[in-house]
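Novice: Pasting a structure here, questions to come.
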Amino acid sequence: MDSTSSSASLIIPSFRCFDATNHRRYYSTLPSCSPTPQGAGGGSASIHVMGNSTTIADPKIITGDCGYLLDDVPHLSDYIQDLPTYSNPLQDNPAYSVVKQYFVDVDDTVAEKIVVSKESPRGNHFRRAGPRQKVYFESDEVHACIVTCGGLCPGLNTVIREIVCGLYHMYGVTGVLGIEGGYKGFYARNTIPLTPKVVNDIHKRGGTILGTSRGGHDTSKIVDSIQDRGINQVYIIGGDGTQKGASVIFEEIRRRGLKVAVVGIPKTIDNDILVIDKSFGFDTAVEEAQRAISAAHVESESIENGIGLVKLMGRHSGFIAMYATLASRDVDCCLIPESPFYLEGPGGLFEYIEKRLNENGHMVIVVAEGAGQELLSGNTCTMDNIDASGNKQLQDVGFWISQKIKDHFSKKQKLTINLKYIDPTYMICAVPSNASDNVYCTLLAHSAIHGAMAGYTGFTVGPVNGKHSCIPFQRITERQNKVVITDRMWARCLSSTNQPSFFSPKQPFEKIGDEKHGDNHVEDLAIK
Ligand SMILES: Nc1ncnc2c1ncn2[C@@H]1O[C@H](COP(=O)(O)OP(=O)(O)O)[C@@H](O)[C@H]1O
Ligand SMILES: O=P(O)(O)OC[C@H]1O[C@](O)(COP(=O)(O)O)[C@@H](O)[C@@H]1O
Ligand SMILES: [Mg+2]
C-alpha cells in the first residue's frame, strides 16, 4: 500500500451554493475560488446513506478563477472512508516506459467549449481521462464485468475486447466476467469468463458476443447480483437508455456504500449522446450507408424518372442521414427528424421531386427513420407502441413515403416514376467496425479502465474536443443530442442537396429551431 494513500485532499469543500441559472448545486473553495482537485488520493468523505430509496447525488461542480467550472465525476472515496491507494502498475510496464509523461495530472481538465473570445469566461470543464499515478484497486482484487445493452452498433466487440485486454495487459487483471443478454442478464442469465484468448478475434465480427436486450432493468436485482458475485468494476456499454440505467445502478451502489466503480461506455449508432464529440460506430455506419446510397443512385439513374429512396437509422437524431448525405454528394433530398417537411403544395416534397426529375431525370432521397413521424401519426394507422425499454416504436417512414410518392405521381399521370426503396438499417448496425472506429473503441476502453482503476465512478467516457474525458452520468443523460438545424452543418447539407428548407410560411425559421430544442443551448447540441 502506498504511504500517501489516505492523507487525502479534501473532496467536497467548504460550502454549497445553488446556481439558479443552471439549476445546479456547485461547490466553491472560497475565498480563493481556485479549482479543488478531488478524489484521487482522497479519503476524507464519509459514507452517504440516504434512506431506503436511492437518491440522486448533487452534481459535483467545482468553481475556479475567471468563470472556470469543473463538472466533476464521483469518486469511491466520496462515500467510503480511508480507502488505500497503490502505485499504478503501469509504471513498470515496458510498453509504456518510453512515454515521457504517461500519467495524467489529477488537475488536468478538458474544456467543453474551445471556441472563445477575449471576454469569455473559462466555462465548463470535465476531468481528463487517462492513467493516474495512484490506483484504488490491486490487480488481483479486481473482479470486473462487462455488459452490452440496447441496439447493435459497429464496434461493440472491439470495446469488449479492449476492456478485457486492457485490464489484463495494463493492470494485470484476470477476473473479468461477461454478462449475457443486457441488463436482465445480471439476474436471469449466465456469465462468461472473459480472457484475452477468448476475445482475441472478436473485433472482426459485428454484433456483441455477450448478446444484448432492451428492458429488464431491475436495479435492486442487478445490484444484488453485483454484490453477490463480488464484482467491483462494472463496465456498461450502451446508448442513452443504458447510461440512464447505469446512473441508477451507480446511485444504488453508492447508497449501499459498496466499493464498486460503475463506468459507462457510450454506444449509439444514432450519435444521440450529449457532450461527446461522436459515438463509436458512427463513422462505420456512415461509411456503410454509402453503399446503400450508391446502389440507390445507380438504380435511379439507370431508368427514366428513377427515384432511389434510402431509409437510414436515426430515431430522434438525423446525424447518420445528414453525414451520409454530405459524404455521398449523390443525394438530392435528406429528411431528418429535427427538420419538419410536408408533401403537398408549393415548397413541398412532391413539387421538389417533380422539379428534380424534370431537370435531372432521376433523384436520390435519404430519409432518417424518425423523420416526418408527425405526418404519419396523422394517419389512421397510428401505433403508439413502445418497446421493452420504453422507446416509442416508430412507423416505417420509408415505406409510407414510397407509397405517398407513387400515389401522387400515378394520379398525375403525366409523369411515370420508377421508385426503388432500399432499407439497409439493420445491415448498418450489424457490420464490424472500420479501422478508425476500432482505434476509437480502444481509446474508450482504456479511458474507462484507467478511470475505474483510479477510483472514479458514475461516469461515462468519451472525447470532448478530441480529448478523452470522464463525464458524470447526469450530464450525459440530461437530454438527447440532436442535429441543430440552425447550425452550419445542416446548412452545408441543404446546400449540397439543393432541397427546399420546407419551412412553411406559418412556421418561421427561428421558431423551428426553438421548438425542437426547447432551450437556448443550441451550440451544445451540435456535433463538433
Ligand atoms: N430511464 C431508465 N432507467 C433505467 N434503465 C433504463 C432507462 N432507460 C433505459 N433503460 C435500460 O437500458 C437498456 C437499454 O436501453 P435502450 O433505450 O433500449 O437502448 P440504448 O441504451 O441503446 O438507448 C434497457 O435494458 C433499458 O431497460
Ligand atoms: O432493433 P430495434 O429494437 O428495432 O431498434 C432499432 C433502433 O435502434 C437504433 O438503431 C439505435 O437505438 P439505440 O441507440 O437506442 O439502441 C435506432 O436508430 C433504431 O430505432
Ligand atoms: Mg437509445
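Cβ from N, Cα, C; glycine included.
Nobody curates TrEMBL annotations by hand; they come from automatic prediction.
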Novice: From the candidates Glu354, Glu359, Glu369, Glu374, give the one listed by TrEMBL for the same substrate site as Thr268, Ile269, Asp270, Met313, Gly314, Arg315.
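Specialist: Site partner of Thr268, Ile269, Asp270, Met313, Gly314, Arg315 for substrate, according to TrEMBL: Glu369.
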Novice: Quick test of your reading of TrEMBL: among 204-228, 504-528, where does it put region 'Disordered'?
Specialist: 504-528
Novice: Between the two most separated Cα atoms in Thr268, Ile269, Asp270, Met313, Gly314, Arg315, Glu369, the residues recorded as binding substrate, what distance in Å do you get?
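Specialist: Roughly 15 Å, rounded to the nearest whole number.
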Novice: Near ligand 3, meaning Cβ under 6 Å from any of its atoms: which of the binding-site residues Gly151, Arg214, Thr242, Gly314, Arg315, Glu369 fit that description?
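Specialist: Among Gly151, Arg214, Thr242, Gly314, Arg315, Glu369, near ligand 3: none.
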Novice: By the count of other Cβ atoms within 10 Å, pick out the sparsest of the binding-site residues Gly151, Gly215, Gly239, Gly314.
Specialist: Gly215
Novice: Running a distance check here. Ligand 2 versus the binding-site residues Gly215, Thr242, Ile269: which have CB less than 6 Å from one of its atoms?
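Specialist: Among the binding-site residues listed, those whose Cβ sits under 6 Å from ligand 2 are Ile269.
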Novice: Determine the binding-site residues, out of Gly151, Ile269, Asp270, Arg315, lying near ligand 1 in the sense that the CB is under 6 Å from one of its atoms, and give them in sequence order.
Specialist: Gly151
Novice: With every protein chain in view, how many other Cβ atoms are within 10 Å of the Cβ of Thr268 (substrate binding site)?
Specialist: 29
Novice: Reported as an integer number of Å, what is the Cα distance between Gly151 (ATP binding site) and Thr268 (substrate binding site)?
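Specialist: Counting only the Cα atoms, the answer is 8 Å.
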